[in-house]
Amino acid sequence: MSNLLLGVNIDHIATLRNARNTTYPDPIYAAFIAEQSGADSITIHLREDRRHITDRDVEMLCKTIQTSMNLEIAATDEMINIACTLKPHCCCLVPERRQELTTEGGLDIINKANKLQDIIFKLTEAGIRVSLFIDPNEQQISVAYNIGAPYIELHTGMYSHATDATTQNLEYKRIKKSVQYAVNKGLKVNAGHGLNYYNVRPIAMLPGIQELNIGHAIISRSIFCGLPKAIQDMKKLIQDSRRG
């Protein structure tokens, strides 16, 4: 069974910094610690309102990350131009609404297929690996495949935030079925959103998933045990789960 990678989202390091408009804690230093602690990639989301990660953060991280940088962006001209200029290793296209606390669902790529196909081509031409953040839905996956997306990231929010075991099990089955469907089409599959130390194990056990992107849970735990241990604990958990 293939090794499962861990992408660490450091957005909330920047959230804490910006809460008091200080220069600390520094996301660039957090990325360094994360890499030293076993993170396989670093994920950041440059939102249109710059509520946490800033343009300077992205520029500095592009220069300093030694593993892989996954830049989450909305499918807007401004963001695509930033990505093509800075050339992160990977761009994950995500939906974005200004009033949301965090990304609330997957891209509706069915109704935006032509636009997204052009963006995928432009980013790929710039040497950037492209991923689409989508809900676990076979129709969305089919369109992702048809417009040339090499990677998808399945939105695990409905599973993660389920309030009862029955609902969570139904959402898990949707994710499992979607992973199998995507892999059979030749897509590479990542997953993330809302995953934590208590719900990640079943998702980590799915053999078709290559990487899990996790942020809030890791940063929250790091308050009590430190960032290195929080990352090491999560990496051990997902890799032990993958091995069974």
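Numbers run from 1 along the shown chain.
In case you wondered, yes, glycine gets a Cβ from its N, Cα and C as well.
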Given Swiss-Prot lists R20, G194, G215, H216 for 3-amino-2-oxopropyl phosphate, the same-site residue among N9, N184:
N9
For H216 (3-amino-2-oxopropyl phosphate binding site) and D11 (1-deoxy-D-xylulose 5-phosphate binding site), the CA-to-CA distance in whole Å is 8
Tell me, by DSSP, whether H193 (active site, proton donor) is helix, strand or coil?
coil
Using Cα positions only, nearest of the recorded positions to D11 (1-deoxy-D-xylulose 5-phosphate binding site) (R20, H45, G194)
H45
